[in-house]
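Undergrad: Once you've had a glance at the structure underneath, I'll fire off some questions.
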Amino acid sequence: MAGRSGDSDEDLLKAVRLIKFLYQSNPPPNPEGTRQARRNRRRRWRERQRQIHSISERILSTYLGRSAEPVPLQLPPLERLTLDCNEDCGTSGTQGVGSPQILVESPTVLESGAKE
(Lines of atoms letter the chains of each structure in order from A and count residues from 1; the text may use other names and numbers.)
(Lines give C-alpha, C1' and ligand atoms only; values in the text may rest on other atoms or scores of the structure.)
Protein backbone atom coordinates (compact mmCIF):
# COMPACT_ATOMS: atom_id res chain seq x y z
CA MET A 1 0.00 0.00 0.00
CA ALA A 2 2.13 2.75 -1.37
CA GLY A 3 2.39 6.04 0.41
CA ARG A 4 1.17 4.76 3.76
CA SER A 5 3.01 4.13 6.99
CA GLY A 6 3.17 0.60 8.42
CA ASP A 7 0.94 1.49 11.38
CA SER A 8 -1.75 2.79 9.03
CA ASP A 9 -1.53 -0.44 7.02
CA GLU A 10 -2.15 -2.49 10.14
CA ASP A 11 -5.16 -0.35 11.05
CA LEU A 12 -6.57 -0.75 7.56
CA LEU A 13 -6.08 -4.54 7.62
CA LYS A 14 -7.71 -4.74 11.04
CA ALA A 15 -10.69 -2.72 9.81
CA VAL A 16 -11.05 -4.84 6.66
CA ARG A 17 -10.90 -8.09 8.67
CA LEU A 18 -13.56 -6.82 11.05
CA ILE A 19 -15.85 -5.71 8.20
CA LYS A 20 -15.34 -9.05 6.42
CA PHE A 21 -16.28 -10.89 9.61
CA LEU A 22 -19.44 -8.80 9.96
CA TYR A 23 -20.58 -9.58 6.42
CA GLN A 24 -19.74 -13.29 6.80
CA SER A 25 -21.79 -13.45 9.99
CA ASN A 26 -24.93 -12.61 7.99
CA PRO A 27 -25.32 -15.26 5.25
CA PRO A 28 -28.14 -15.00 2.70
CA PRO A 29 -31.49 -16.42 3.89
CA ASN A 30 -32.57 -20.01 3.34
CA PRO A 31 -34.78 -20.31 0.21
CA GLU A 32 -37.09 -22.89 1.83
CA GLY A 33 -40.52 -22.33 3.36
CA THR A 34 -43.65 -20.50 2.36
CA ARG A 35 -43.58 -17.33 0.28
CA GLN A 36 -44.38 -15.19 3.33
CA ALA A 37 -41.64 -16.84 5.42
CA ARG A 38 -39.09 -16.34 2.64
CA ARG A 39 -40.16 -12.71 2.24
CA ASN A 40 -39.81 -12.08 5.98
CA ARG A 41 -36.37 -13.71 6.07
CA ARG A 42 -35.20 -11.60 3.10
CA ARG A 43 -36.58 -8.44 4.70
CA ARG A 44 -34.79 -9.15 7.98
CA TRP A 45 -31.59 -10.07 6.09
CA ARG A 46 -31.67 -6.80 4.11
CA GLU A 47 -32.16 -4.84 7.33
CA ARG A 48 -29.15 -6.58 8.89
CA GLN A 49 -27.13 -5.86 5.73
CA ARG A 50 -28.04 -2.16 6.03
CA GLN A 51 -26.93 -2.17 9.67
CA ILE A 52 -23.66 -3.90 8.77
CA HIS A 53 -23.08 -1.35 6.02
CA SER A 54 -23.54 1.59 8.40
CA ILE A 55 -21.32 -0.08 11.03
CA SER A 56 -18.69 -0.68 8.35
CA GLU A 57 -18.71 3.00 7.39
CA ARG A 58 -18.24 3.95 11.04
CA ILE A 59 -15.37 1.46 11.40
CA LEU A 60 -13.62 2.86 8.34
CA SER A 61 -14.02 6.45 9.47
CA THR A 62 -12.76 5.55 12.98
CA TYR A 63 -9.76 3.46 11.91
CA LEU A 64 -8.72 5.60 8.97
CA GLY A 65 -9.76 8.98 10.30
CA ARG A 66 -11.64 9.84 7.13
CA SER A 67 -15.00 9.30 5.55
CA ALA A 68 -15.70 6.27 3.36
CA GLU A 69 -17.48 8.55 0.88
CA PRO A 70 -15.49 9.49 -2.22
CA VAL A 71 -14.61 13.08 -2.99
CA PRO A 72 -17.33 14.52 -5.27
CA LEU A 73 -16.30 14.81 -8.90
CA GLN A 74 -16.86 18.20 -10.51
CA LEU A 75 -18.83 17.79 -13.74
CA PRO A 76 -19.62 20.44 -16.35
CA PRO A 77 -23.26 21.58 -16.64
CA LEU A 78 -25.50 19.10 -18.44
CA GLU A 79 -26.67 21.63 -21.00
CA ARG A 80 -23.09 21.94 -22.27
CA LEU A 81 -22.59 18.18 -22.82
CA THR A 82 -23.22 16.55 -26.18
CA LEU A 83 -22.47 13.29 -27.98
CA ASP A 84 -20.15 13.62 -30.96
CA CYS A 85 -20.85 10.82 -33.44
CA ASN A 86 -19.26 12.41 -36.52
CA GLU A 87 -16.51 9.78 -36.64
CA ASP A 88 -17.56 6.16 -37.36
CA CYS A 89 -19.11 5.49 -33.91
CA GLY A 90 -20.80 2.15 -34.49
CA THR A 91 -17.87 -0.12 -35.41
CA SER A 92 -16.12 -0.58 -32.08
CA GLY A 93 -17.14 -0.59 -28.44
CA THR A 94 -14.14 1.52 -27.47
CA GLN A 95 -14.52 4.31 -30.02
CA GLY A 96 -16.11 7.49 -28.77
CA VAL A 97 -14.89 6.84 -25.23
CA GLY A 98 -12.94 9.70 -23.73
CA SER A 99 -13.43 13.29 -22.76
CA PRO A 100 -16.90 14.70 -23.50
CA GLN A 101 -17.33 17.21 -26.29
CA ILE A 102 -18.50 20.57 -24.97
CA LEU A 103 -20.50 23.03 -27.06
CA VAL A 104 -20.32 26.75 -26.44
CA GLU A 105 -24.04 27.25 -27.16
CA SER A 106 -26.66 24.93 -25.71
CA PRO A 107 -28.49 23.03 -28.46
CA THR A 108 -32.16 23.82 -29.05
CA VAL A 109 -33.03 20.11 -29.17
CA LEU A 110 -32.58 19.82 -25.41
CA GLU A 111 -34.69 22.88 -24.74
CA SER A 112 -37.68 21.77 -26.85
CA GLY A 113 -38.91 19.29 -24.20
CA ALA A 114 -39.03 21.83 -21.38
CA LYS A 115 -42.38 23.61 -21.22
CA GLU A 116 -42.96 26.50 -18.90
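Note: Cβ is positioned from N, Cα and C throughout, glycine not excepted.
Feature annotation from Swiss-Prot assigns phosphoserine to Ser5, Ser8, Ser92, Ser99; the stated evidence is sequence analysis. Annotation comment: Swiss-Prot describes 18-26 as region 'Homomultimerization'. Look at Swiss-Prot and you will find 23-49 tagged as region 'Disordered'. Look at Swiss-Prot and you will find 34-50 tagged as motif 'Nuclear localization signal and RNA-binding (RRE)', backed by sequence analysis. The compositional bias 'Basic residues' feature in Swiss-Prot is assigned to 36-47. Annotation source Swiss-Prot lists motif 'Nuclear export signal and binding to XPO1' at 73-84.
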Undergrad: When DSSP states are folded down to helix, strand and coil, where does Ser8 (phosphoserine) land?
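TA: DSSP assigns Ser8 (phosphoserine) to helix.
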Undergrad: Just give the helix, strand and coil counts over the region 'Homomultimerization' (18-26), going by DSSP.
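TA: For that range the per-state counts are 7 helix, 0 strand, 2 coil.
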Undergrad: So what's the mean pLDDT when you look at the motif 'Nuclear export signal and binding to XPO1' (73-84)?
TA: 73
Undergrad: DSSP helix, strand and coil counts for the motif 'Nuclear export signal and binding to XPO1' (73-84)?
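TA: DSSP classes over the motif 'Nuclear export signal and binding to XPO1' (73-84) add up to 3 helix, 2 strand, 7 coil.
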